[in-house]
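Going by Swiss-Prot, these are the annotated features:
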- 11-14, 33-35, 55-56, Ile76, 98-99, 125-127, Ser175: NADP(+) binding site (BINDING)
- Ser99, Tyr100, Asp126, Arg224, Thr245, Leu246, Arg247: L-saccharopine binding site (BINDING)
Amino acid sequence: MATKSVLMLGSGFVTRPTLDVLTDSGIKVTVACRTLESAKKLSAGVQHSTPISLDVNDDAALDAEVAKHDLVISLIPYTFHATVIKSAIRQKKHVVTTSYVSPAMMELDQAAKDAGITVMNEIGLDPGIDHLYAIKTIEEVHAAGGKIKTFLSYCGGLPAPESSDNPLGYKFSWSSRGVLLALRNAASFYKDGKVTNVAGPELMATAKPYFIYPGFAFVAYPNRDSTPYKERYQIPEADNIVRGTLRYQGFPQFIKVLVDIGFLSDEEQPFLKEAIPWKEATQKIVKASSASEQDIVSTIVSNATFESTEEQKRIVAGLKWLGIFSDKKITPRGNALDTLCATLEEKMQFEEGERDLVMLQHKFEIENKDGSRETRTSSLCEYGAPIGSGGYSAMAKLVGVPCAVAVKFVLDGTISDRGVLAPMNSKINDPLMKELKEKYGIECKEKVVA
């Protein structure tokens with residue numbers, strides 16, 4: 001087989017494992033970023049890789065680069081995927097992304113089929129590995145004449161327990177803005193056969209302790225819209241369908257207070273355009289009578305709700321740790337959300353030697369053909385290499401490696417369906433699961449627990 005070549009768009013933290021897996025397989029990779037510096041940094045010392053500067057908004061430049069390669073990987077923000085896919089359709093080249101298929105991408109399905117190309121999506125961790133093991137159990141149960149009555153799927157990218165040493169029990173390996181914005185999303189899911197909707201401001205109040213292993217104090221809350229999964233996973237019989245997020249205990253209560261006091265608002269505020277002391281910014285955001293810590297705290301306590309006095313103390317201490325009552329100058333970003341993000345990113349980074357953790361678990365409540373009931377779980381618990389050791393974070397590995405394996409399989413014809421795809425059937429999924437398990441040790445452990 002002639003040497004294949006791939007155009008990889010993006011240089012974010014998940015791109016390195018993808019680059020390594022592909023170049024180790026002898027595939028040539030052109031690393032393309034807006035800035036040449038970022039592309040050079042990612043490809044430094046990697047055989048078979050070439051850095052270039054590319055603006056995906058420039059159709060002519062994008063088409064010219066796509067034309068030189070067999071496949072394009074889009075690891076840039078999902079809002080650009082449709083632009084990339086359109087270019088690939090024009091040039092008749094395959095595409096792989098790790099993002100959810102958006103309506104704008106799905107609209108290109110017929111054009112992709114007509115061009116004879118595969119546009120493979122949702123093949124990272126979540127979405128990605130989660131689909132592989134959800135479909136596996138669902139297809140097995142259906143083949144045996146059983147029914148899936150409940151499907152719960154929770155995933156969290158977290159600091160390892162020993163590194164969860166701040167009031168949120170959370171650290172940022174990428175933009176904190178995206179993490180915080182997700183906490184304002186409304187959620188929809190099936191409960192007892194009915195669609196349940198939760199408004200964005202109420203999301204954190206719905207978080208509940210969630211048992212996976214005794215050694216972890218997780219809480220879980222629903223993620224955006226789980227209702228399409230009745231159809232996507234072909235489980236019309238399911239009464240309960242929830243896909244959600246895992247965090248450590250204490251996280252939702254802390255975030256809920258930030259919401260209550262106006263810190264997650266992205267409304268422009270003139271006073272947040274200058275580097276004023278945090279206590280003055282906080283006084284104005286919470287509308288306290290003065291910038292003294294006492295006045296600010298009493299305003300926060302009266303505007304937010306707390307489950308107990310003990311929790312109130314913990315959260316107020318956490319806000320103090322963040323520095324929002326202090327004389328320290330803010331990094332002005334024009335609104336409360338982004339100004340807070342600047343401080344979170346400064347105080348809540350992973351430090352040298354710390355590790356991240358990814359936990360993913362599906363829980364299936366099954367009614368067997370004979371009417372008996374059982375509960376099965378599929379669980380993945382992965383720790384990253386310590387920061388600074390040169391290894392991958394758990395999150396980077398679990399997004400980047402499945403992406404690379406999908407690229408290899410599209411190039412060699414193992415994945416041969418055309419159009420806009422996601423891993424939703426065993427024909428696509430079985431080879432991916434086999435390769436991920438046998439070659440990279442990536443698998444969900446399956447158990448019958450009740």
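Cβ from N, Cα, C; glycine included.
Spacing of Leu125 (NADP(+) binding site) relative to Ser99 (L-saccharopine binding site) is 10 Å (Cα to Cα, whole number). Within 10 Å of the C-beta atom of Cys33 (NADP(+) binding site) sit 25 other C-beta atoms, taking all shown protein chains into account.
Listed in sequence order, the residues of the same chain lying 6 or more apart from Arg247 (L-saccharopine binding site) and placing their CB within less than 8 Å of its CB are Gly156, Leu158, Gly169, Tyr170, Ala207, Phe218, Val219, Ala220, Tyr221. Closest in space to Thr35 (NADP(+) binding site), of the binding-site residues given as Tyr100, Asp126, Arg224, is Tyr100, taking the CA atom of each residue. Sequence-distant neighbours of Arg224 (L-saccharopine binding site): residues of the same chain at least 6 apart with a C-beta under 8 Å from its C-beta are Asn185, Ala186, Ala187, Ser188.
Long-range Cβ contacts of Ser99 (L-saccharopine binding site) within its own chain (separation 6+, distance under 8 Å): Ser74, Tyr78, His81, Asn121, Glu122, Pro127. Here the binding-site residues are Val56, Leu125, Leu246, and the one ringed by the most other CB atoms within 10 angstroms is Leu125. Rounded to a whole value, the Cα-Cα separation of Tyr100 (L-saccharopine binding site) and Ser11 (NADP(+) binding site) is 19 Å. Closest to Cys33 (NADP(+) binding site) by Cα-Cα distance, out of the binding-site residues Asp126, Thr245, Leu246, is Asp126. Taking the Cα atom of each, Thr245 (L-saccharopine binding site) and Phe13 (NADP(+) binding site) are about 20 angstrom apart.
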